[in-house]
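Below you'll find the structure, written out as structure tokens, and then a few comments.
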Amino acid sequence: MDCSFITTNDLRRMFKTLDKNQDGLVTLDELLWILDKLGWAEHTPDELELIVGKQSLDLDEFLRFYYDAVLDSKGSKKNIDVVADNDEAIARAFNVFDVNGDGYISAEELRDVLERLGFEEEAKAWDCGRMIRVHDKNLDGFVDFEEFKNMILHV
């Protein structure tokens, strides 16, 4: 699995992990938990309910919420595999992976974020260092914003 960005399949696995009672729904509390892990918990539960309009989301609604609200893209139910194409949305995604805020993504930061998202086993198996090397065009051992942006726009 390519770990260069959060894919729809990754989101499906996150949804399954969050759906602890396996009822096919993710509650607002579970949604707030994942937003907090991503560093995007800027809303109270009441505010989130106003945004979402209900107490829980099914898988399609969860995917749309992620792409519409988190990445500010125009994903739809039929075409949900959308990667944000504007600098602001890409910067927000970059900042999730740039854990220490130094302007660079290291293999360790990538691995840490994957683990925070509930992909502990996959993060150990994936070669995040190789992914960094593939997209590290200036060969400094990190992915900077421009390299990240080029990676996202050319996937």
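Every residue gets a Cβ built from N, Cα and C, even glycine.
For D19, N21, D23, E30, the entry in Swiss-Prot reads Ca(2+) 1 binding site, with the evidence type sequence analysis. With a cut-off of 8 Å between CB atoms and residues at least 6 apart in sequence, the same chain places L18, D19, K20 near E30 (Ca(2+) 1 binding site), listed in sequence order.
Taken from Swiss-Prot, the feature Ca(2+) 2 binding site covers D98, N100, D102, Y104, E109. Every protein chain shown contributes to the tally, and the Cβ of N100 (Ca(2+) 2 binding site) ends up with 11 other Cβ atoms within 10 Å. In the three-state DSSP assignment, the secondary structure recorded for N100 (Ca(2+) 2 binding site) is coil.
In the domain 'EF-hand 1' (6-41), helix, strand and coil residues by DSSP number 22 helix, 2 strand, 12 coil. Taken from Swiss-Prot, the feature domain 'EF-hand 1' covers 6-41, and the record attributes it to sequence analysis.
The domain 'EF-hand 2' feature in Swiss-Prot is assigned to 85-120.
What Swiss-Prot lists as domain 'EF-hand 3' is 130-155. Mapped onto DSSP helix, strand and coil, the domain 'EF-hand 3' (130-155) counts 15 helix, 2 strand, 9 coil.
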Additional residues surrounding Ca(2+) 2, by Cβ distance to the D98, N100, D102, Y104, E109 centre under 8 Å: F97, V99, G101, G103, I105, S106, F142
D23 (Ca(2+) 1 binding site) and N100 (Ca(2+) 2 binding site), Cα-Cα, nearest whole angstrom: 36
